[in-house]
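Okay, so here's the structure we're looking at.
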Amino acid sequence: MTELRRRGGGGDPDSTENISDKEADGDDRLAFPGEGEGEMEGDSKAETPDMPPSTDNTPQCLNKALEGLSSRWKNWWIRGILSMTMITGFFLIIYLGPIMLIFVVMGVQIKCFHEIITIGYRVYHSYDLPWFRTLSWYFLICVNYFFYGETVADYFGALVQREEPLQFLVRYHRFISFALYLAGFCMFVLSLVKKHYRLQFYMFAWTHVTLLIVVTQSHLVIQNLFEGMIWFIVPISIVICNDIMAYLFGFFFGRTPLIKLSPKKTWEGFIGGFFATVVFSFFFAYLLSQYQYFVCPVEYNSETNRFAVECEPSHLFMMQEYTLPAVVQNAVRWKTVNLYPFQIHSIALSTFASLIGPFGGFFASGFKRAFKIKDFADTIPGHGGIMDRFDCQYLMATFVHVYIASFIRGPNPSKVLQQLLVLQPEQQLSIFNTLRNHLRERGMLPPAVEEAQ
C-alpha cells in the first residue's frame, strides 16, 4: 500500500511541467471540435467553427431586372450573364498578348491564395495567432520568387546575358530562394506560443498546402503558355465549356444525383457535358491550329525586347491525312480524313477535362462542406469566389504539363543554346569539338566544311 501511495502521490519530478503542458495542449484542443468527445461521436456530430455568411453582391440593376423570376431561374440568368462577361474578358486578354496573360495568371493566383488563407484566418480568428497572415504572405512571395526566377532563367536567357545583376541572381537563384524560405521558417519558430502550439502548426500546414495547390499549379499554367498559347487557351476553354454544358444539361435534364459532395451535380449533366466538351474541343483545336499566333512557342526576342510568336509550325499543326478504321469507313463512306494532329490530342485533353477534371470541383465542394461555407468568397455574383471558378483549372494545368512533357515535347534547341552561352569559353570549345567529331563520324559534315575547319 505504501508503494502504491508513493506511486500515486510522488509522480515524476517534472510532473508540474507535464501538467502545464497538457493544460496548454488541452486549451489548444478547444479550437478543434471533433477531437476528444467529438471524435468519438464521429465527424457527423463534430461542430465546425462557423464562417461569416456570404453577402449577395449582385448588381442592383440586375436584381431589379430579374425580380419577377423564381430563384432558380434568377440564378440561371445571373450565372449566364456573368459567364458571358467573363468569357468576353478572357478573349480580350488573349488579344492583348502573352505578357498580359502572365499578369492575369499571377493576379488569379494571388486572389485564390487570399480566399483560402482568409477562410483559415476567419474560422480561428479568436485566437489571434501572431504573425500568421504576415508569414502566409511572406511564404507566397518566397515561392513566387523561386518559380518566376526559374522561368526567367529558362526563357529569358538572352536578357540575362546582357544584364550583369540578372546573371548574379540567376546563378545563385536557388540558394537565395532557400535563404528567403529559411528566414520565414525561423520567424515561424520564433512566433510559437506555448498555448497554441498545435493550432499554429495546423495553420503552418494550411499555408503550405495552399501554396502547393495554388502557386505550384499556376506556375505550370505559365509553363504551358510558353509552349504555345494554344496549350494555354484550349485547356482553359474546354474546362469552361465542360462547366457550362454540364450545368445546362443538369439544369434541363438532370434527374439522377452524381455524388453526395455536390448534390446538384447529376449523371445527365456529367455525361452531356462530356460529349459536348469533346465535340467543342475537336473543332476549337481545328480553328486555332491554323494561326501562328496560337501555335508557336512564346519566346523572348532580345533585339525587340518583346515576346515573339513567329515560327515554322511543328508537325502537330500541319494538316495530315489519316486512314479511317474499316468500321468507320463502312459507316461514313470515307476512307481517309484530313486533320491536324493536335485535334487528336485535343480529344485526350477534353476527355480528362470532362471525366477527371470535375473531381477538382468535388474536392473543393468537400473542403467547403468541411467549413460550412457555400463559396470560397463572393467576388463574382452567382459564381462565388475566384477559386470557385478555378478549382478544376489547376488540376487541368497539371495534367497538360505532364502530357506535354510525356507525349509532345522533345529537346528544345533554343534552351540548349541558352545553356551553352552561359558556360565558360573553354567548356564551349570542348562541346564544339565533341559535336564536330560526332557529326564527322555520322558523315553529316561535308568535306569542304572539314577542310575549312
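Positions of Cβ are set from backbone N, Cα and C atoms, glycine also.
TrEMBL labels come from automatic prediction, so no person has curated them.
Range with TrEMBL annotation transmembrane segment, chosen from 89-111, 342-364, 388-410, is 342-364. Between the transmembrane segment (342-364) and the transmembrane segment (228-254), three or more CB pairs separated by 6 or more residues in sequence fall under 8 Å, so the two stretches touch. Residues 230, 233-234, 237-238, 241-243, 245-251, 253-258, 294-295, 339-340, 342-343, 345-347, 349-351, 353-355, 358 of the same chain lie 6 or more positions beyond the ends of the transmembrane segment (266-288) yet place their CB under 8 Å from a CB of it. Listed by sequence, the residues of this chain that lie at least six past the ends of the transmembrane segment (131-148) yet keep a Cβ under 8 A from its Cβ atoms are 106, 109-110, 113, 117, 121, 173-174, 176-177, 180-181, 184, 187-188, 191, 200, 203, 207-208, 210-211, 215-216, 219.
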